[in-house]
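All remarks here apply to the structure that follows.
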Amino acid sequence: MAFFEGKAGVVRMDPSIIGAFWVVSFLFIMSPGADWAYAIAAGIGGRRVTPAVSGMLAGHGIAILLVAAGLGAVLARTPSALIALTVAGAAYLFYLGVGMIRTPATVTVGQSQAAGTWGSWASRGLLVSGLNPKVFLLLLALLPQFTDASGSWGLPTQMLTLGGIHLVGTAIVYFLVGFGAQAIMRTRPGLAMWISRFSGLAMVGIAIFLLVEQVLSLR
């Protein structure tokens, strides 16, 4: 049961269910991927962790809204839409990754990149997570598993509540990753270039993996 009756007859979501969801969600968040690579790049490239992470959180938020509104299931049943999302996401990750490999952040470059607009870092973050089909598909598979169709709260409300918990956990981890990278740049500036290149390679690798996985799924 996802619900229990608390004091004064108020029906609330079962804390044990919420706790179980948080654990599963946290394990997903802690898995390094494109979001981590971008958060690291933002930390190394200058003081743009906040807009970069905010953009990625917006991407996760859009995915949560789509799933809660029921549009997620419709999109998941439309192969052409998923293929388009995968190709677009992979292409954008590849583009960002190659750029980071060719022009890795250094202390000097990082200082100039810090002058980049808030909106540019946020919009790129939105595209990194918003075009990542893995984010959407995982939330589509995860959120319904922790809801109760017989509960007093509607399914969309339950999913939005759980989605909010996911966003809080995501924000904490991504900010720690980004500011951690920024701290490393300050104490060990020589590592900035190599970490930047590694992040770029990670993005390129994820892009290739997404495309290969999509091609194999069509067979």
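Note that Cβ sites are derived from N, Cα and C of the backbone, with glycine treated the same way.
Straight from TrEMBL, the features:
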TRANSMEM  20-41  transmembrane segment
TRANSMEM  53-75  transmembrane segment
TRANSMEM  81-101  transmembrane segment
TRANSMEM  121-143  transmembrane segment
TRANSMEM  163-184  transmembrane segment
TRANSMEM  191-212  transmembrane segment
To the transmembrane segment (191-212), which of 20-41, 53-75, 81-101, 121-143, 163-184 is linked by the most Cβ pairs under 8 Å?
81-101
Could you tell me whether the transmembrane segment (163-184) and the transmembrane segment (81-101) have 3+ CB pairs under 8 A, leaving out pairs under 6 positions apart?
no
Interface-richest range of 20-41, 53-75, 163-184 toward the transmembrane segment (121-143), CB pairs under 8 Å:
53-75
Can you work out which residues elsewhere in the same chain, 6+ from the ends of the transmembrane segment (163-184), have a Cβ less than 8 Å from its Cβ atoms?
18, 21-22, 25-26, 29-30, 35-36, 39-44, 47, 49-50, 52-53, 56-57, 60-61, 64-65, 67-68, 139, 143, 191-192, 195
